[in-house]
Every structure is written in structure tokens, then in C-alpha cells.
Amino acid sequence: MLSSFCGDGHPFSTGLPNVSICAQHTVLVWVPAAFFLLTLPFLSAQCHLTAQRFARLPFSAHFIIKLLLVAFLAANSLATWCYVLFSKNSYAAAYYVYPGLWVLVWTGTFLVHLIRLRCGLVSSGIQHVTSLIFLLCGAPEFYQWIRMENSNSFPNDLTTTDSAQFLSIAYLSWYSALILYTFSLCFADPRGAKTDDEKASSKSAASPELQSSFLNRLTLWWFNSIPWTGARRDLEIDDIFELNERSGTEFLSELWESFWEPKRLKYIHDTSIWAKKDPSEQEKDPVVIPSVVSSLFMMFRWEFLLASTLKFVSDTMQFASPFLLHELLNFISAKNAPFWKGMALSILMFSVSELRSLILNGYFYIMFRMGTKIQTSLTAAVYKKTLLISNSARRDRTVGEIVNLMAIDVERFQMITPQIQQFWSCPYQITFALVYLFITLGYSALPGVVIMVIFVPMNIISSMIVRKWQIEQMKLKDERTKMVNEVLNGIKVVKLYAWEVPMEAYIDEIRTKELALIKKSAMVRNILDSFNTASPFLVALFSFGTFVLSNPSHLLTPQIAFVSLALFNQLRSPMTMIALLINQAVQAVVSNKRLKEFLVAEELDEKCVDRSVNIERSHNAVRVENLTASWDPEEAAGEKTLQDVDLTAPRNSLIAVVGKVGSGKSSLLQALLGEMGKLRGRIGVNGRVAYVPQQPWIQNMTLRDNITFGRPFDRKRYDQVLYACALKADIKILPAGDQTEIGEKGINLSGGQKARVSLARAVYQNLDVYLLDDPLSAVDAHVGRHIFEKVIGPNGLLREKTRILVTHGLTYTKMADEILVMLEGKIEESGTFEHLIKRRGLFFDFMEEYKSGSDNSSEAGGSQDDDFEAIGGEIQDYMNPEDVVLTVTNDLDETIRTPELTTQISTMSSPEKPPTGTSPAAATESQNKLIKKEGIAQGKVEIATYQLYVKAAGYLLSIAFIGFFIVYMTLQILRSFWLSAWSDEYDPDSPSAHPMAKGWRLGVYGALGFSETACFFVALLALVFVGQRASKNLHGPLIHNLMRSPMSFYDTTPLGRILNRCAKDIETIDMMLPMNFRYLVMCVLQVAFTLIVIIISTPLFAVVILPLALIYLIFLRYYVPTSRQLKRLESVHRSPIYSHFGETIQGAASIRAFGKVDEFRQDSGRILDTFIRCRYSSLVSNRWLAVRLEFVGNCIIFFAALFAVLSKEFGWITSPGVIGVSVSYALNITEVLNFAVRQVSEIEANIVSVERVNEYTNTPNEAPWRIEGREPAPGWPSRGVVKFDGYSTRYREGLDLVLHDISADVAAGEKIGIVGRTGAGKSSFALALFRMIEAAGGRIVIDDVEVSQIGLHDLRSNITIIPQDPVLFSGTLRFNLDPFFTYSDDQIWRALELAHLKHFAAGLPDGLLYKISEAGENLSVGQRQLVALARALLRHTRVLVLDEATAAVDVATDALIQETIREEFKECTVFTIAHRLNTIMDYDRIMVLDKGSILEFDTPDALMADKNSAFAKMVADAAEQDKHE
């Protein structure tokens, strides 16, 4: 039938390398036509999706040319069809059908182009592939017509020469036009030109990806400009292409919410119904939390399906290589095989490999792009949820857990995405390979398959064991990082107490355990890797052994040996991958669980606070009725933070809220913000709300931006706010004025300055209702009075606003319109100041305590109630450890202006401080930042960095590692050539045919394989010791040097940057670098030995090595610097994501209160998009390289096969076995070439961690801890006589003096009060005593010992300080009191008793072994301060410094501390730095400092007697503040 249709008796026969005319006119026409028709729906969908995003394309010359070519192809097909239809000659049926199909296809193509123009689709892969298929299928007929024209012989079914000539000219012109058309599709149709506004909207270039043609995208040609730029200079962020709209945070966030939000709302609805059911029914019908994975699949289902299709095609095509290898070996073995067949096989091997490479790279490109989109979607979702989550849900999660959701769990989703298709791909590859093996070896393949199957559970079990150890190791790493974090947080206290040694020992102890687990995991992995690497050999050994021994007729020919070996090698990858997939899947399931639980967690109830404008609109701004609220409504039955609260705040009124610590004052403000769970009652707030938290929230931006907070800049309003908040003097000393970037959490501002910036932000917003949580507690008397008068009070800027002020400063309450007195979550009393005084109730008692409690100065200490503090404090301390860097320096002297601040600014910017009053515009950009941004490393990594790592690892171990790998590769090649000789011994024509006993062949093959495996294992064993030694020798000195670094280092270096060295960089050194070096050495050796094998097999191959190597090096020249810089950009732009996230968590309440949630989400989106731009470009650069290097690898395959064919054709003696070895090695080189370059790039990126760690290992150190021969006598100081003799000091060489010519003699046991206005030098005085800053002149002598002549530890361990902000560490209560374990339990209990903590400690479950949480968050502020007092009592040195140690506690606790100090330290010399003047009025002498000099130094009585003395004026200021009547 087909013969009749074609008019040919032999429809598919061919004697030459031709395709029959029948096939040309049937199959080769039907296939492309069918492809075109079947893909039309997909093309239609592509046009529809594109039309939603882009405008219509303009008519361009390029488009018109394509349209004309398609029109010609259609017209030519129509002419051919008409000629055949209306010709007088008779033709076979096929001649009538195929032109008609052409007309249909090309007419359809013409219409598709017009539709594509309208839809804005610049290029279509479907059209390009269709034209390529037409081109390939038409090639045989094109060749046929040319051959017939040359020979002037035509087929029998063409009856006349004229008809033959017409059809010949028609087809040749048609095919020529098809070539031109296919070439034109290599270029995309241009879009319309951008407008000037669009060009100016971004500094970075728009990505050309979406404007590129299909071939351009397939080869990633559009990315060329990035490597081109990267090879010429270091890349900058502006060089990186912008993300496409659908890869950006804004689009993906909306897409995520469209799929996730309905599921979340349904879950909440179902949960509310479920909660009402009986417990028995609840167990039977639990509510299932919606899966994150299902939502992600729905978002990216079409991309996923496209990638699946590509993966399926790629996996199928990989089995073409063994088939073609089999045919090539058959060709080599056959004596009379035609030369063209060998050439065709060579071309086919190259074409199939190159096509598979392009398809596989397309698959990875899609999946990696999907991974970045998933990362963007989930990161944005976690960020948004953080701003909406309720406090009760938030309390169940530490900050670390929330950060890990973004840093680890989201990252896992991104990393597993490219591998997710392997779950179906691996079984498919295994099945296909097994079928092929059974065809090749029969049942002899079974032993090999059984071995590979055994490896699967072995891999799984080993992975589970390693995973268990990895979890333990991660816990130890977290514990070590947390401890380093805490030590660096409290580094000033650590140094003041001389605790560096026990802290370093504690960290080293954790590190030793961590390294032990890393070693155990590595050993198991190495055993597993050795088995996996040996698996092809073991499988081949048993399979070949079974094959040749089971039947004497079974001959191990090259075709069987090397095709089977190729299949075994292809089996190894999916078999090994299964265990990794299971491991990754388990991690992904855990991450999915953690993410979905967080994303469905309870959110703040927006309806909790009624913000309707109609609430008491005529008069009241705030109305609270019968409010009962709790931080955890689900556990409200046990504890209610607020109970039965009624509150009315008229418009423009000032309401003062007072009460003891923990009475619920801060909780009341939180309830008004909607932050607490409302159990019953009603809250109404009329107007926009501003919130000033007790712990100031400062962003990492300029001072001005912190104050304007997104509002337009209004100079007049701004200046008013600066003056009212007493910030003008501060701005004058900043290097760039208010344009100075003040660092994370305002690291270089004092507590008082941060409080005033926080207040200024709220005032500048000009809102309606102000909730002020004790904003005056951090400032001293005259500043507090100024702020109250100019901002809060009846005549302040907020006089026309409603103000609810929480305060411990009872002197401010007189001017309040109403006072609320809180006790245990209830409003006990309310009324005006006069009314409450007359009632002589709770408020009157407070006033009495206030008057008699030694604090009538500028502020009364206060803190949040414990419930709120548990949340706020955790965020503050965990996320931004830098906050405590200047605790002593700043909090000793916190207000308008401090020389210490000026000095630190100078330290961080330039040696020359700008003159006071310098215009911000005149300041250089470098002066704007107090903390400099971390620089991006540029250029190549120095060879010295590699030498440093090798030196740390040990030279002998490094040489052993490389040496055993060389032996391993040598044995592998010997084994391959032994197999070659074995397979050739049955070929009588082979020059290497030397028959041997099968047992001997098998034995030697096995011996070589086992020796090879042993060498591989020993090499890996050496690598384990290399990594362990390097890790130990790099981490230990780093920690030691950090302990030895002076405070100036910590003043100018954000702790986050230091922590990055101790955490991320050390992890890279531990885990990544050993693996990088392993794979690099393996790849380099494998490439080198492969080339050697091919040259030995076919010496002619040496001719092409040089050009191929040149091409390879050119690609390296462009890729390596580009990849290196992209990795660095990615690393640098990753940090802002977490910094901004940390700021957001810390300031979530403020962000919600000010209504800035959407703005912060947009800011987070911009930061995230910048990072994703870098990561996406880095991933694309890998694919860009892979496309090009795999082309080089495929060229090696082609030349290896080609020279084998030429060797046979020209009589160069080459056996099939040797050719089998050569081509087998060549088939494996493609991925190795790419992987080798990737490893070079990875090592360059990761070795930077060694450089960064070494940088902080060699920073300048402070003075020695101990000086041999200069140790003070035991018991020193025994008297406590302190002498300052002309003492001067500065913070660093070259900076201004902060203390000038201080001379003072302090007798033993004397009590000295140190006071002064802000900037007087009080904090510098305390730091100088402990040598935290060194003398620039003069000396300090304690008991006849000059302190500069002894070691720092000898000094600091023998004098004591009680800081204002007590620092506690994770560990037991005992460890926090006595880390050296110097004192007995009885002594510690005695100290706790004297510190009024014994009753508390005795009631703890574990007593002295009670676990203190991070930063001591499970103790109240007052309890932490008492622990600091207990430390001082334990040490009981003769010299004691009190750094305003009672500022953060209430009056009662203050009285306890003062009483204990007076009693227990009555024989000691005491220096008290005080803002509260009443605490020092009974001291022996008062030292008044001013501008770094002693202004006055006399007894309190003498100074008070002189009414013109500075001290007398300070007391008068405080007294003025205390007037109540």
C-alpha cells in the first residue's frame, strides 16, 4: 500500500547514505507538519500569556523580512502543489499530498507571525524548533536534488525532464528560503524604544532576557555582557541586570497570597469549628495545616511541567551514547564497513551529546530560576507574617527560630528545587539502564544490579546516621555561635571582670565537641563515597565474571565490555542520588512543617482596637471600657496582665501612668496598640497613633531619615523637633551632621541620644495620639525637664495632641490632666495630682517612697512589665548584638553631647574632626558613616591565602592527599586498559590480542580495582585530617585574638560582622573548603588522565588539544572573575536582608503603630530583589559556562570518535578495545570540564573565608594580660589608696584628649561621687581606671603600684565594677557568678543573701545550677542587677566602681542595693558615677568633672556652701524639678 502511495517499489531502501524518496515525501513531511499542528495550542497559550504583560510589537524590517520569507515558502509550496495538480503528467499520490501539507503549515505560520506581533511575543521556541525540524527533515531531499542535478539522472516517477527541472528548482529555492527563515528566527523582533522616564527609573540595565530570541536564550547569549564586563573590571551592583517583573518580590508576593491566603483562611475557619467539638471528635477529625509545597506547585506548575518534559527528553537521550558507542565499536571491528558510516556515527555522537547538553541546561536553567522565585516568595511571606503575627504566637518562637525560617528553611526549598524532578527521573533512568543491560548481558547483569541495589539501603542508613550527627553538630554550632554572640555582646563586662580566659575555654570546649562530630560524619561519608566510587568496578567485576564464567561461549568483546561499563556508570548517578534525595526530602518535609506552622500562626486582630472616626468624636481620643487582656489569651485563665481597665483620654489631654515594675503600665500601651490579646471589653482610638517604646528603636540609616521616618522633609518642622528634643548639639558633633549614618540600632549613640531620636521620630510624624513609654528615663535632669517642657508638657509641641505617658519620674505627673496609678494589672487610682495627694492613697505612698528613696534627680528608673519585656528584650538582644558594644562608655554619660562619642566618631571616620557647625553638605561621603560598610573584596585571591590554608592544614597531609589521588587515577587507567586487552584477546586482528586464562584476567582486574578503591579511601582519610587541622588552627587563634582585641576594635566594628567570621566563615572552612579541594583535585586529574588516555589510544588527538585548551581557557578567562565577583556581591547583599529583618522584628510594634507595614514590606522587597539579582546572575553564569564547556567536552567526544574512524580508514593500527577505553573516557569528560571550572570558582569564593578569618586573627591587641616578673603582691590592693597623677588619656593615638591632667588623691576606704554635665568625662574616668583606654600622660597608682606596669588581668581581677546594664550569659547561675569556680557554694549563697537574691535562688528548681537563658532574659532587670551586685560581693575587692547601677530599677530595689553597698563595702574605696544626686550626698567627697578636667573636688557640704559651685547648681536644678507645689 505504501509502495503504491509513493510510486516506489522499495519505499525505505537505500544503497548510499540516502533517504528514500518515499520517506522524503511521507515521514519527513508528516513529522514536522504534525509537530507544528500539535504545538499550536501551546503557541496560542504562550501568545495569550505574553499579551497580558507586553504591548504590541512595532513593524520592523526584521519582522517584515521574516514575513516575506514565510510568504515565499507558502507561495512556493502552493505553486508546487498547483503544478502537480494541473500537470498533464501523472505523479504518485505522495506528490499530491506533501505540497498541500506545506501550504497548510506555512499559511498557518504566516498567521502565527501576525498573531505574535499583536501579542508582543518577540520570539517563539516552538516556531524555531518547527523550522529546525523542517530543515533537518528536508535535508535528505535537498541533497538528493543536488546529486541528481549533478548527475542529470531523475527518479522514474518524474516522466519528463521539464517536470523534474521545475520540481528541482522549486524545492531548491524553497529549501534555501527555509535556511534563511531559520536563520532569521535566531534573532528576536525588537520591542518599542523605552521612554526617557523608563530609562531613568533604574541605574541598572534592564534584563535583555525577555527581549531575546529562542536560540539566544538557549545558549544564554543575552548574558554575554556580564562576563565581558567581569573579565575587564570588577563587577558592581549596577552592572547586574534588573530582575524581570515576574521574578520580582512584588509580583511573586501577590501570586503567593492568591494561592496561600484562601487556604489559610479556610484553615482558620475549620480550626474554629474544630475547637468547638468534643475532644473525642477532635482526635478523629483533626484539622490539617495547608501545605506550603502545594501552593508553590500551583504557582509554578507550568514551569515545572516544561522542565519535566525537558528532563524526560534529556534522560532518554543519554542512552543514545552507549548505543552509538556500540555501533562505533562494531564499525571499528568490521572489516568492510563504509567510511561514511563512521563519519556519520562521529557526527551523531557529537550532535546527540550537544543537543542533550542544551536540553539539560535548559532544564536546570528553568529549575534554578524557579528556585530563586520560590526563595523570593517564601522570604516575602515570612517577612509579612512577622509584621502580622500576634504576640501570643510570637512568644512560642525565639528570634533565632524565626530567622532560621528565612535563613535555613527557605534556603532549603531553593536548594532542593533543581533536584525535585529526580524523584521520578532516577527510577526512570534506572529502569531504562537495567533493560539495556539485560539486552547486552542477559541474566549476567543480575549480580551487578544486586550490588547496586544493596548500595541503596546502605546509602540511606549511612545518610540517616550522618544526618543524626549533623543535627547534633548543628546544635553545637548554634551553641558555640550563641556563646560567641553573648561574649561579644558583653565583651566590655568580660574585660572589666578579666573573664576572657574562662569564656575562651568554654567556647573551645564546645568547638572540640563540634569538630569531633564533623570528623565522625566525614569518616562515615568517606567510607560511603569509597563504596559508591567503587560501585561501577564492583558491578562490572561481578557481572563480567558471571558472564564469562557462566558459559564458555560468552566472550567479553569490546562491544559488550564498554557498553556495559557505560551503562553501569550511568546507573551510579541515579542510584547514589536516591540516598541524597531521601535526605533532602526529609529536610524539606521538616522545613515545610516549620514554615506552614508559622504561616498559619495567629495574627493580630485588627478589630481588637476600634479605630472608627466616630468614637466619641466630639471629645475623647481614647476610650477603654472594662478591658481584660493577656499576652497569651489561650492561657488567660492562669494570668491576666490587664484586668477591668477603664480609661478615658479626652482630646489634647496628658494622661500620666505610674506604678511599680510589673504593674502593667507598658502592657496598657500595648493594649491600646492592639498588641495584646483582648479577652473582653472595648478599646477605641480616634486618630492616628504614634508610639515611643521604652527601649528606643533606631534604624541603620542617617539620623535625619530616622527622624523623618518616610515623611516628606519639612525644614521648619524638622528644626522645631530637633530643638524640642535637645538634639541640635548632638548633630553638631557628628561628622556629617544629620546625614551621618549612625549604624545598626544606633550603635554609637548613647542610651539618652537614642531615646531622644526615638521621641523626635514620633513628634515629627505630627499624628493624633501619642503613646509614650517612659521616654525620659534615659536622660538626666536638665535634659528631661527641657524635653518635657518643649515636647510633652502643656506648652510643648504636642500640646494639641492626646498624650499617654508612662513614667517613673513622678515629678512630671503634676502637669498631667489625669494620673492613672496601676497595680497588678489594674488601675487602682485615677485623678489629678492634687486629688490623689489629698486621697493619701497608693499614689501618695509612691510619692513618699520617691522623696525618701534617694532619687529626686532627673529620672526614675523603669522598665517594661515582665510580660512585654520577655518579648521586646529577646528581640533586642538576639538580633543585633552590636547594641551593647558601648554600654559602659555611653550609659555612663548619656545625654546631649559626650567627648566619648566625638572620639569614637573620629576613630571611625577620619583623624580630623570637622569643625563644629560644619554644614552636612560639606562633609564628605566617607564621613557619613560611623560604622563603615563591609567592603567587597576585589581581584583575584592572593596566593598567600591558599598558602595560609595549606599551612594550617599541614604540608605533609596535603601532599599525601594529592599523592594518593594520583595513584588512584593511575590504577583506574591501568584497570581500563586491562579490560581493553581482555576484550581484545578474542579479536584475531587486534594487535593487543594475547589470550590468558579467564580467572587470571578477572583476578588482575579485581586486584587493580580494589587497590584503586583503597587509595581513594586513604586520600579521603588524609583530607579529613587536612580539614580538621585547618579548622582547628584557624578558629582557635581567631577566638583568642578577639579576646585580646582592645575595645576600640569593638567600637568601630559591628558585632554582626565579627559573628559572620565566627559562624558563616568558620562553617565554610569546616564544611565547604575540604569538599571544594577534593572535587577540584579529582576533576583536574580526571581531565588530565582522560586526555592522556585519548592521546595514547589515538595519537592524532594531540593535534586538537591546543585549540580546545585555548577555547577552554578563554571561557575560564571570562567566567572565573565574573563568578568570583558575583559570589562576593551575593554575599554582601545577603546581609542587609537579615539586618532589615532584625530591625523589623525589633521594631514591629512601632512599625504597626505608625502604619508603616506596607512601606517596610516594600523596603524589604527592594533589598530582597537586589540580593536575588546577584544570586540569579550567579546561577545564570553557571549555566552560561556549562553550555560553553559542554560544547568543548562534546568536541572532545567528536574528535575521539573521528580519529578512531580515521585510524581505521587510513590503516593506523588501533584495536576496538583501546577505542572503547578512549571514547568511554571522552563520554565522561563533558560534565567534568564544567565541574572543574565550577570548583575553581567555588574555591576562590570560599577561600575568602580564610582571608576574612585571618584578618580578624591579626588585629592589634591590647596590653598583655600578665607580665612575668611584674605581678602585684597577693592580696593587692589591700588598702584601696588611689592616686591620679597628672593623668591624661585619649581613645586612640592621634585623637583629642578626653581627660586632661587629672590629679587626685583618694584615701583608703573613701567614698567618691563623680558627677558632671554631659560630655564631662565621667565614663572616661571609669574606663581609665580599668585601663580600657590607656594613658597619654601621667599615671594611676593603686596602693603604690602603677597600674600601667602590671598585666591587665592583674589589674582588672583585683578591682570591681557594677555596671548600669548588667550582662548575663547562657549557663548556670553559678557560672554567671563565678566562671573560674574560685568560690565555694557557701560563699556564693552568702553573696546571694547579701544581694537579696537568696530567697529567689533557693526557690529555683535547680538552685545555683539554674539555667540562665540568653542575655538573662528569664530574669527581670532588677534581678539581673542584683546578680551583678552579687558578683561584686563575691570578689569584694578594695576598689569598687558603681556605674549608675540603679538607673534601671525601681525605688525599692534601689534602696536595697544602696543599703548593701554602704554596709558591705564600708571599708572599701568606692567611686560612684551618678546622675541621681541623692545617692551620693552622704559620700566623703564629690568630684565634679567638666570637659575632661576636674572642676571641683571637695566634700558635699563644702561644695553646697558655695552657691556658685557647679555642684550646688546641679543640686538646685534637681530641686527645682522636685517642687510639687
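Quick reminder: no glycine exception, Cβ is built from N, Cα and C everywhere.
In terms of which side of the membrane each occupies, Swiss-Prot places Ala93 apart from Asn459. Taking Asn700, Asn706, Asn1418 one by one, Swiss-Prot attaches N-linked glycosylation site to Asn1418. Note: the stretches the transmembrane segment (1185-1205) and the transmembrane segment (25-45) are not in contact (fewer than 3 CB pairs below 8 A, sequence gap of 6 or more).
Most buried of the binding-site residues Lys665, Lys1322, judged by other Cβ atoms within 10 Å, is Lys665. Cβ crowding, taken as the number of other Cβ atoms within 10 Å, peaks at Gly659 among the binding-site residues Gly659, Ser663, Ala1320. Gly1316 (ATP binding site) counts 26 other C-beta atoms within 10 Å of its own C-beta, drawing on all protein chains shown. If you count C-beta pairs under 8 angstroms between the transmembrane segment (536-556) and each of 95-115, 435-455, 562-582, 954-974, the highest count goes to 435-455. For the topological domain 'Extracellular' (140-165), the model gives a mean pLDDT of 68.
Helix first, then strand, then coil: DSSP counts for the topological domain 'Extracellular' (557-561) stand at 4 helix, 0 strand, 1 coil. Ala1320 (ATP binding site) falls within neither a helix nor a strand when secondary structure is assigned with DSSP, and so counts as coil. Counting residues per DSSP class in helix, strand and coil order gives 38 helix, 0 strand, 4 coil for the topological domain 'Cytoplasmic' (1027-1068). Secondary structure at Lys665 (ATP binding site), as computed by DSSP, is helix.
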